[in-house]
């Protein structure tokens, strides 16, 4: 490091798949899950199975809501093509070009087939951010100054503010509001867990429905990018097409899962409250509260004093 920055790469690097933020979130939730598994032997009877199912399912929903904020595969696309390598050079290489679009920016990867060609290692991954605290055009200009390979610059140019494609503003706003609605979904997920820990199960079910609704709203927000038709990305004789990626479909699964769980809780509250209390380990406490006492011990000293 030179004065706290990487030589020749002053901007922070970001992986196309799992970056540091994603790993940190997963480790935190795995720690919570392992901590619960350590105390689960102390729960007796069938309640142990119910607790395990509820806690692991809830943690899965929570970790997905947070992780997809940092992933870069809401939209993805790959293409293999023969393409020129760099400007002012006639060298042609065979490579896989990947486009990974997230909520805060885009990752463009270039990997040669094979990796070592024309006496160079062709294995690039460049991140260009369009979040509100970043300048996409400046990142693109820095890529030009560094002399990045032509395929990366060609794809990155499609998302600049000056590009005829005019998709930069749409992706930036859609990603921003999708991220905001996901954070609201995370807050309602926390509230639902608090309500499920109290005798207010039906309200926990309602908050699960709200969580699922905001997860779906984030998908609808991101889907608005399709209102602006993407320019044709032609690399050599091949065309790079993008489609919804793993993060998009995983968020959809979480939204539908919250809907199913929330509706189930609400229906059981009105149709079979005893079953619902049994699943949440509340019925046993209620029975003990109303259980008739077989023996009563009276302190006659207080009785004689009229107390």
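Keep in mind that glycine also has a Cβ here, set from the backbone N, Cα and C atoms.
Please treat TrEMBL annotations as automatic predictions, because they have not gone through curation.
Note that this is a predicted model, so its numbers are computed, not measured.
Residues or ranges marked as transmembrane segment in TrEMBL: 20-39 (among others).
According to TrEMBL, the transmembrane segment annotation covers 51-70 (among others).
Annotation source TrEMBL lists transmembrane segment at 177-196 (among others). Within its own chain, the transmembrane segment (177-196) is flanked in space by residues 54, 58, 61-62, 65-66, 68-69, 103-104, 203-205, 207-208, 210-212, 214-215, 217-219, 221-222, 251, 280, which lie at least six positions past its ends and keep a Cβ under 8 Å from the stretch.
Annotation comment: TrEMBL describes 203-222 (among others) as transmembrane segment. Residues 61, 65, 74, 103, 174-175, 177-179, 181-182, 184-185, 188-189, 191-193, 195-196, 248, 251-252, 254-259, 261-266, 269 of the same chain sit 6 or more residues outside the transmembrane segment (203-222) yet have a Cβ under 8 Å from a Cβ within it.
Annotation source TrEMBL lists transmembrane segment at 242-268 (among others). Cβ atoms under 8 Å from those of the transmembrane segment (242-268) belong to residues 57, 61, 64-65, 68, 71, 73-77, 99-102, 182, 201-202, 204-209, 211-213, 215-216, 218-219, 222, 230, 275-276, 279 of the same chain, restricted to positions at least 6 beyond its ends.
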